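What follows is a single structure, written as structure tokens, with notes after it.
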Amino acid sequence: MLRACQLSGVTVAAQSCLCGKFVLRPLRPCRRYSTSSSSGLTAGKIAGAGLLFVGGGIGGTILYAKWDSHFRESVEKTIPYSDKLFGMVLGSAPYTVPLPKKPVQSGPLKISSVSEVMKDSKLPVAQSQKTKGDTPASAASTGAAQIISAAGDTLSVPAPAVQHEDTIKTECPNTNEGKSTSETTEEAFSSSVRERPPEEVAARLAQQEKQEQVEMESLAKSLEDALNRTSSVTLQTITAQNAAVQAVKAHSNILKTAMDNSEIAGEKKSAQWRTVEGALKERRKAVDEAADALLKAKEELEKMKTIIEDAKKREIAGATPHITAAEGRLHNMIVDLDNVVKKVQAAQSEAKVVSQYHELVVQARDDFRKELDSITPDITPGWKGMSISDLAGKLSTDDLNSLIAHAHRRIDQLNRELAQQKATEKQHIELALEKHKLEEKRTFDSAVAKALEHHRSEIQAEQDRKVEEVRDAMENEMRTQLRRQAAAHTDHLRDVLKVQEQELKYEFEQGLSEKLSEQELEFRRRSQEQMDSFTLDINTAYARLRGIEQAVQSHAVAEEEARKAHQLWLSVEALKYSMKTSSAEMPTIPLGSAVEAIRVNCSDNEFTQALTAAIPPESLTRGVYSEETLRARFYAVQKLARRVAMIDETRNSLYQYFLSYLQSLLLFPPKQLKPPAELYPEDINTFKLLSYASYCIEHGDLELAAKFVNQLKGESRRVAQDWLKEARMTLETKQIVEILTAYASAVGIGTTQVQQE
């Protein structure tokens, strides 16, 4: 199947070669053998290649003559009777009007690229083909267009029909007489820009060939690497299959030896059967390894086949020999792998027969022992395992008669079974021979088909190589001719453009001098008008500038105030952050640096200096506790104050302390109690005041909580004195910070309003 795919791919490639003009017929599947030598085939190949080359040259000349009328004229003048051939194939030559030396009111010469000429020339050619029904000519023109496109974007002369239309348009009266000469010059310049010199065309062709060479080398390297990897895996698989064959044969030989040596008894026989078991294990291991290697080899072969198919789809020039060689190596690897697999299968079949024979022998021995046990049940059981020499003097006459009688009956029975088996096996052998003949015939036909297919593929590959060589030679010749024609055409166009450039340059300079004189007078008039208007605008702008300066000065003052207000606000925010920041290692942070920053930023502001001077000195050096710290500390103070609630300022006896402590344990007042709007004398109680203060602290009102704590008396007030002092310091500092914040916000709002005004 692989060869069929390769043959079909090569046949399709051969049929589509030579731009569709020549069709290569594939070989017939049933070809008769001949007795002629290979010299006739070689001569036929040479003659066919010569015919292909001559036909390709003539066809290419006709196509290029159809494309370029000047080339047709030169060929008709050089080669005799060529005008008749061109007249039969292409028709009469189109009439070309000579280019005028000085076109009057006409546009510049338009140069068409290859793509534009193809677009313009496809329509009339297609219409003539539909009228005449000439299919080969259409295929030939398409192939010529492909070859010309491969030569690069070279300059080319338009088709005859297009030239005729252009000359007619040139002779018609020009309707665009009102266009300026500058537009004509720009069109001529843009047309000349589209021209490509021969050096650039040659460079592009060289670059394209270099790119194709790089792609072909890359493809060859990838194919070589894949083939090396596949061949390595295939070689390992073949080695594993051969090892499996050797293991199967070794096991069969050892098993045959063990079955043939039936007279051996005791430890030797046991050792012999242990050897058989070891050989069986080795056989299974080798067969499993061979199966795994075969699967891996099949995967690698499939990957290699996919790589070859991908290489065919890429259609890289010059890659056909590499692909053909890769296909040949792949086919050889597949054939070698099939042969070694067949060897393994044959060895396994032979081993299977030996195993069946062993099973039949063992079963026959068991049946024979059972028969002897049924005939002589009274004899000692140990004698049946002894040899004949040992049994000679131990059997009686009756035992011998019984054994002889049983042996005669057994011999008669075996003779009848043997005769029946011979007749049956004779029929089986005849059927097997017929089946074997059919199998041999089928195998022979398959081998012949494979050989023919391989031979056809080789012939087809040789034909493809020859066709590729001929096509490369034709393409090189065509490209050389195209380069020459493009160079001549470029020189002609360069001369024409130079003449047009001189004429247009003279007309442009004359018109330019007239326009310059007119523009000079107009410029003088407009410059005086602009000078007057400019003086008026300068005076107006100066007045506006004075107003802008005053506004900018006032704005700068407002900006400075806003900047100072912003710096004050930032410094106050830093002070607030320092008050709120605390940790377990450092519960208070000195505020001196933050306050000093405020004083420095607002050194000329008396209000700010007065507020910063009112901050307690201890806050500057040590810092203040945050509200969270005071809240946590309050709970400890609250607990101690409840314990000494009954102690007044005189500090009563130890018994009074004990009663106060007992009271704190027995009484369970609410820990938090919302304070009333007005306090009454009965509300001034240590427990209620502490509950009110706890409620205020939990709701963020530290100032009111401090007021309630300040109402405590006796020992409770003394216990809470330190906390009250810290709270008072925190509140004072916080109040000053809030005033500074409000002041900074007010100043910032004022400066913002001034800026908006």
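The backbone N, Cα and C atoms fix where each Cβ goes, and this holds for glycine too.
Record note: of TYR506, TYR625, Swiss-Prot gives the feature phosphotyrosine to TYR506, with no matching annotation on the rest. Per Swiss-Prot, the range carrying the annotation coiled coil out of 279-317, 318-356, 669-707 is 279-317. Model confidence over the topological domain 'Mitochondrial matrix' (34-45) stands at 51, taken as the mean pLDDT rounded to a whole number.
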